[in-house]
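**Student:** Taken from Swiss-Prot, the feature ATP binding site applies to 20, 21, 25, 26, 27, 28, 103, supported by sequence analysis.
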């Protein structure tokens, strides 16, 4: 907690967002902006390539993805996730709120249960999809590129 916040008497609410963030697009910006509104400090865990099992491997290498996410004004700090345990970096960050995207396969209830077992008291919030966005997925961007150039 910053000294400025302590002096002002403001409560710091640390929000944690997670994701792959391959081929950054408006959907990612919506997700992170909405997550930021839930608190006054936004941390982001960028998934390691070795931990992504539910979809194709990212096009952009993990070090470049975390650098891009770190460069966004809405983000206070982005870090790479663990290569063995998804909850490891969460213990270090100590969030008050954890956000998950509309398309993430995790159940809010199961995450909260796992967090509770680890002694982490954080609320889990699912962020809604950005409406009216035809290219709000890395897969759709890749499909469009293939359509136009192959």
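A Cβ is built for glycine as well, from the same backbone N, Cα and C atoms used for every other residue.
Can you walk me through where each of these features ends up in the structure?
**Tutor:** Annotation note: residue 27 (ATP binding site) sits in a helical segment as assigned by DSSP.
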**Student:** For ATP, what surrounds 20, 21, 25, 26, 27, 28, 103 with a Cβ no more than 8 Å from their Cβ centroid?
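**Tutor:** Going along the sequence, the neighbours come out as 19, 22, 23, 24, 29, 31, 101, 136, 137, 138.
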**Student:** In sequence order, what residues of the same chain, 6+ apart, have a Cβ less than 8 Å from the Cβ of residue 20 (ATP binding site)?
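**Tutor:** The answer is 46, 47, 52, 55, 58, 65, 138.
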**Student:** In the structure shown, which of the binding-site residues 25, 26, 27, 28 has the fewest other Cβ atoms within 10 Å?
**Tutor:** 26
**Student:** Where among the binding-site residues 21, 103 do you find the Cβ with the fewest other Cβ atoms within 10 Å?
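**Tutor:** Each of the binding-site residues 21, 103 was scored; lowest Cβ tally within 10 Å is 103.
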**Student:** For ATP, with binders 20, 21, 25, 26, 27, 28, 103, what's the maximum Cα separation in whole Å?
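**Tutor:** Result: 15 Å between the two most distant Cα atoms.
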